[in-house]
Amino acid sequence: MQGVSSALLLSAGQLGPGAAWYRQEGSSECSWLRRSQPSELRTNFSSRWPWPRNSESRRSERLQWPGPASAKPEVASCGDSRRDYSSLPARHLSSARESSMPGALGTVNPQPVRTLVPPTLDEPLPDALRPPDDSLLLWRGLTKGPNHMGRLRNAKIHVERAVKQKKIFMIHGRYPVIRCLLRQRGWVEKKMVHPPGTALPAPQKDLDSSMLGDSDATEDEDEEENEMFRESQLLDLDGFLEFDDLDGIHALMSRMVRNETPYLIWTTRRDVLDCRFLSKDQMINHYARAGSFTTKVGLCLNLRNLPWFDEADADSFFPRCYRLGAEDDKKAFIEDFWLTAARNVLKLVVKLEEKSQSISIQAREEEAPEDTQPKKQEKKLVTVSSDFVDEALSACQEHLSSIAHKDIDKDPNSPLYLSPDDWSQFLQRYYQIVHEGAELRYLEVQVQRCEDILQQLQNVVPQLDMEGDRNIWIVKPGAKSRGRGIMCMNRLDEMLKLVDCNPMLMKDGKWIVQKYIERPLLIFGTKFDLRQWFLVTDWNPLTVWFYRDSYIRFSTQPFSLKNLDNSVHLCNNSIQRHLEASCHRHPMLPPDNMWSSQRFQAHLQEVDAPKAWSSVIVPGMKAAVIHALQTSQDNVQCRKASFELYGADFVFGEDFQPWLIEINASPTMAPSTAVTARLCAGVQADTLRVVIDRRLDRSCDTGAFELIYKQPAVEVPQYVGIRLLVEGSTIKKPVPVGHRRTGVRSSLPHLLTQQGSGESKDSGSPTHRSASRKNARAESLEHTEKPEPAAVASVSGKGKKAPFHFPSLHSKAWLPSPRVHRPQGRVLRLQHDQLVGSKALSTTGKALMTLPTAKVLMSFPPHPDLKLAPSMLKPGKVGFELCCTTWRVVLSGGIGEEGHRQRAAPRPSSAPGKGLSSTEPCSKTET
């Protein structure tokens, strides 16, 4: 570790507020020194750490010293109940040694101070701490001595209390601070054990782009707490937990609760457990289906829907982003690249004019000897005429017309002012000017036009200032973190080669291209970004907590747009920690490449921008976080007992405007530097305050977390299991009488109409079944379109005729003979001299022979011209049941066995919701 002095968090359980450990540089031995933190490291609330002050949160019993009484260290004189391990052999990180520390900042401390770094369990215990020979060693630190049964009894009591209070937790990953703070609250850990031969499912990073906004497997794609990619830590806090459990009590209690249900689960990735199998009172630190904003592809897609959720423009805080694997996005990106190049030409003209006016004649004469001959020849080799500026002006003018919706009548597939071939030539000349140093010729008249159009574009293009004039874009994998696979490019053909050369790599939108911020805010000529934490405790209503403390990460190289190497433009600590600082780097920059937000605020005051943090930066970051969550609220699986801590990365423009780059799930909590050692431990402690302490006490201290957004609750109707069921049967096609045969078993009485005849498919006769359906349909259509005058029926009670689009109302039935078929068993027999009907109605457009006492009620609104349905007749039941969903038939009477009319039995009212219509079901009659 470098620097004059560096702060080191010793242990979350051994330090109080405002304490840190320092090491004086240049010392050959380990010389860590404890002193108070500087004022800029403190916050405005009372205690930096949530150490329990009440007896309920403290450890219920005091753990006994495992060794003999003669080797027991004395209690510290500070007045608290913490044990003094000063008699233990000191070591620095992995080596155990003892040394005297000089005073702070060069002063001499007469009293020797030993480091409190405990030995690991792999190291042998000192002779003074070895158990007696007559004792049985159960495991490291726990011996079956005189007080063995008492420790077991106390551990059992503590476990029973934790089980009763539902204070069982389970952790997957390296979270020593969480373990320590939960143990202080009386929680007992249940070890997460995986069966031999099984492993956690690897995160699936290559999925369909359509699923990236909803998938369960991609929400944690930007997690940085992966065991395989763990950052180097300034201090391994797991050693302190092992030393704190030197007597084995916590290991014993973990074994006691191995069959208990954990009520707090803290994991690195969400896919470790399936939330669907958790009970309602089990808390977990992840939400399912959060990939809609924790992946670059999901954030790119969902922020486009922001106008539907809020009156805001995503282009004002999120750089333009496209998916290279999607054809629509690819086409939009190409057009955006063209227009950006045209705007950059206008900027170059204005910049060259300002430069020519600012340079004096004397300065030009002084620079003339420095201009070597090759440079003059290079300028003469390539010269771009003023026509190139006219093309750029015309393209920008057409773009303004398109934004104003003046191109409504234009073909959407037509090119933007220039054809694709012309745009290709335009880009080649643009590359010559920007990248190869060609000379751009322009006219004085063109300068004023460029300024006017740029002023108009300023009002409609929010990213005009930050995009610069070199047209640099950054290509990123859709679901990766820590800067893996990121490339900065400035040529369109090179970016499109990623799609053409490797289609499998770009399939389904796995890669995105985003506009690079060419004019970022710099500190001492170096680029930086900011990591901001926020906590989501509910999605309905959406509840967001914003952390007041943050940290910034510097690059190791000076900023330059001519060098597109990742060491210059990517500030991820996972990349920069492997690089050496440039010799041209400003000496005021920190050696560990990190500042706290308090130090950044002090720098803003030094550069005469004291209000930039409170008036521009913080409000902009809060708004960006809220908008990103609003657009993803419908995609995330809401679970009341879940919560999640996210880390957002921001880059600032020259006007201090924050630009959201990405949002990471499971942000790293590794104490890689002195800044992260303090802040990462603090954000974990304050997270437990919000999700655990606040559930019991709504007015408790939430640390540095601030509630910035909470929606009104939206009630979701509960599913009660109601099934919508529609019952019924199809209406049989009527059977014309002219084609019936004697002895044919039929389920309907044979009818005769004025239009032709045809046998029903249900008549049972193979001969008549072969009748053409096409002819029957043609007859029906002919009957519908051209009804005969004699077949027109008047509307009951009115003098008007029924409209022709009701074909059944224009059909008039004729009796073939004074005979009718009567059912006897399964054979139809003829009955003579009985008149059974005069009119009939059918929904199929053909007449049916019906009884004179039948009525048909329409359950749907009729045609406007037909205000009342006429009286209609229905045949009696002839050995079948007819159930109709379109027409309701109410039968009031029937024919007796001898042909006389009889009264029908009263029909009971049906229960609502069980019939075929909204009022009552179809009735069944008996003949």
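Quick reminder: no glycine exception, Cβ is built from N, Cα and C everywhere.
Residues or ranges marked as compositional bias 'Polar residues' by Swiss-Prot: 35-47 (among others).
The compositional bias 'Acidic residues' annotation in Swiss-Prot covers 216-226.
The feature domain 'TTL' is assigned by Swiss-Prot to 345-702.
The Cβ of I517 (ATP binding site) lies under 8 Å from the Cβ of P319, M466, E467, V651, G653, W659, each of which sits 6+ residues away along the same chain. According to Swiss-Prot, the ATP binding site annotation covers K476, R482, G483, Q514, K515, Y516, I517, K527, F528, D529, C571, N572, E662, on the basis of similarity to another entry.
Per Swiss-Prot, the feature protein binding site maps to R482; the stated evidence is similarity to another entry.
Taken residue by residue with DSSP, E662 (ATP binding site) is part of a strand. Residues or ranges marked as Mg(2+) 1 binding site in Swiss-Prot (evidence: similarity to another entry): D649, E662.
Under the heading Mg(2+) 2 binding site, Swiss-Prot lists E662, N664.
Annotated compositional bias 'Polar residues' per Swiss-Prot: 752-769 (among others), in sequence order.
Annotation source Swiss-Prot lists compositional bias 'Basic and acidic residues' at 776-788.
According to Swiss-Prot, the feature compositional bias 'Polar residues' maps to 916-927 (among others).
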Take every residue in the domain 'TTL' (345-702), average their pLDDT values, and give the whole-number result.
-> 88
Including all protein chains displayed, how many Cβ atoms other than that of K515 (ATP binding site) lie within 10 Å of its Cβ?
-> 24
C-alpha spacing of K515 (ATP binding site) relative to N664 (Mg(2+) 2 binding site), in angstrom | 19
Cα distance (Å, whole number) from D649 (Mg(2+) 1 binding site) to E662 (ATP binding site) | 6
Alpha-carbon distance [D649 (Mg(2+) 1 binding site); K515 (ATP binding site)] in Å | 16
Expressed in Å to no decimal places, the gap between the Cα atoms of K476 (ATP binding site) and D649 (Mg(2+) 1 binding site) is 15
Integer Cα-Cα distance in angstrom, C571 (ATP binding site) to D649 (Mg(2+) 1 binding site) | 10
Determine, to the nearest whole angstrom, how far the Cα atom of F528 (ATP binding site) is from the Cα atom of D649 (Mg(2+) 1 binding site).
-> 10
